[in-house]
Amino acid sequence: MTDLLRQEIAATADLIVVKVGTRVLTAPDGTLNRERIAQFAEEMSRLLDSGRKMVLVSSGAVGAGMDRLKLKQRPTDLARLQAVAAVGQARLIEAYDQTLAVHGRHGAQVLLTAEDLDHRVRYLNIRNTLVSLLEFGVLPIINENDTVAVDELMTTFGDNDRLAARVTNLLRAPLLVILSDVAGLYDRSPDDPQAQVIPVVHKFDDQLMSFVRDKKTGLSKGGMASKLEAARLVTTAGENVIIASGRDPQAITKIVAGETIGTLFLPQGKTVSPRKRWIGFSVEPRGRITVDAGAKRAVEESGRSLLAIGVVGVEGDFEKGDVVRVCGPEGNEVARGLTNYSAAEVARIRGIQSDKISDILGHCPYVELIHRDNLTLSRAAK
Ligand SMILES: Nc1ncnc2c1ncn2[C@@H]1O[C@H](COP(=O)(O)OP(=O)(O)O)[C@@H](O)[C@H]1O
Ligand SMILES: N[C@@H](CCC(=O)OP(=O)(O)O)C(=O)O
């Protein structure tokens with residue numbers, strides 16, 4: 001079953017986003033592994049030659065910068081990390097480009113921040129640029145813009161795994177491949193000799209999250225938790241993710257041949273429209289609206305718009321047009337949506353019938369607090 005599925009996914013994935021993490025691209029002392037970069041570039045060239053469109057999300061700027069500046073240890077303070085990444089980013093692209101050129105291909109540097117993807121216009125500009133690069137037969141090589149973004153360098157969450165997921169959703173790519181130093185998602189700590197790779201994940205549940213055994217080290221920051229979050233973002237939008245070992249120099253080639261390697265995460269439901277992907281899986285929400293059980297059902301099960309009458313609470317400092325979380329009475333996120341009213345307005349009209357909104361606010365531009373066309377369910381629709 002899984003093998004047939006893999007073969008079908010491999011055969012139909014005309015556009016593949018590949019994310020390569022720090023652990024694969026750097027030696028244990030943190031410096032850049034140029035041999036691995038050359039292998040990736042060669043593999044990417046072959047796949048481009050075979051007619052697939054490929055996008056690479058590559059970490060490794062800090063490692064490359066350490067090489068250049070002859071640092072033996074990864075800096076721990078932010079400004080120095082950013083400086084090292086700025087030096088290294090140029091080296092990283094150069095290293096990819098050298099091998100790509102041997103195969104008649106070119107790499108293009110694309111540096112992005114989470115905020116770039118929050119803005120609808122910038123988001124569409126990024127999409128247009130990437131699509132044009134693909135039409136030129138060029139390999140876009142994406143990294144977070146470390147000079148301005150601090151998330152990926154310092155925190156445990158906003159890392160290249162999630163950036164890769166957002167780029168996959170932006171391009172509507174059918175497959176995201178995340179390459180790391182592990183063979184896939186293990187059913188227990190990777191250090192445990194009994195640990196087995198889970199070949200396929202059908203559903204995101206609490207048990208899945210319980211397999212995460214991240215130990216934070218100085219090297220990479222995302223860990224398996226952020227890989228699972230990336231997989232959730234992509235599969236909820238209706239596409240596929242494979243986590244596999246980047247230590248295998250043929251990993252992508254094998255995946256494209258439909259071989260059973262790594263962990264395959266299957267789509268969680270129907271394919272989600274491009275605009276709803278942006279709302280649900282790209283933008284960072286600016287606040288939270290808590291709704292009662294009836295409104296939760298209306299949104300989640302009946303696909304209805306959210307009305308003020310079902311709102312019981314509001315948090316955050318959002319404006320009209322911002323994306324907010326919609327949470328049920330127990331606090332669980334039900335959906336994300338573009339709100340028609342600011343946080344201050346929602347606080348005044350919560351629990352109110354729609355025809356009374358203008359009595360309170362003096363105007364009522366919209367009957368719905370969030371229109372259903374602007375709502376994306378956080379769990380896939382059946
Ligand atoms: N259940 C698990 N299965 C596999 N790897 C896991 C698991 N839980 C935690 N990990 C850790 O996730 C690490 C990979 O993530 P990360 O360090 O962010 O690598 P990368 O630099 O490739 O992004 C592995 O080295 C492993 O220690
Ligand atoms: N952007 C930085 C850090 C990337 C990073 O740590 O990411 P990852 O290894 O994917 O968790 C770099 O290129 O070195």
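Cβ coordinates come from backbone N, Cα and C, glycine included.
A TrEMBL annotation is a machine prediction, not a hand-curated record.
A quick note: this is a predicted structure, and the numbers were derived from the prediction, not measured.
Ser180 (ATP binding site): 25 other CB atoms within 10 A of its CB, across all protein chains. According to TrEMBL, the ATP binding site annotation covers Lys19, Ser180, Asp181.
Taking the Cβ of Asn160 (substrate binding site) as centre and 10 Å as the limit, one finds 26 other Cβ atoms among all the protein chains shown. In this structure, Asn160 (substrate binding site) is part of a helix by DSSP. Feature annotation from TrEMBL assigns substrate binding site to Ser59, Asp146, Asn160.
Using DSSP to sort the residues of the domain 'PUA' (287-361) gives these counts of helix, strand and coil: 26 helix, 23 strand, 26 coil. According to TrEMBL, the feature domain 'PUA' maps to 287-361.
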Binding-site residues whose CB lies under 6 angstroms from ligand 2, from Lys19, Ser59, Ser180, Asp181: Ser59
Contacting binding-site residues for ligand 1, chosen from Asp146, Asn160, Ser180 when the Cβ sits under 6 angstroms of any of its atoms: Ser180
For the binding-site residues Asp146, Asp181, the one whose C-beta sees the most other C-beta atoms within 10 angstroms: Asp146
Same-chain residues at least 6 apart in sequence whose Cβ lies under 8 Å from Lys19 (ATP binding site): Leu56, Val57, Ser58, Asn160, Asp161, Ala164, Leu176, Val177, Ile178, Leu179, Ala230
Packing count at Ser59 (substrate binding site) (other Cβ atoms within 10 Å of its Cβ): 29
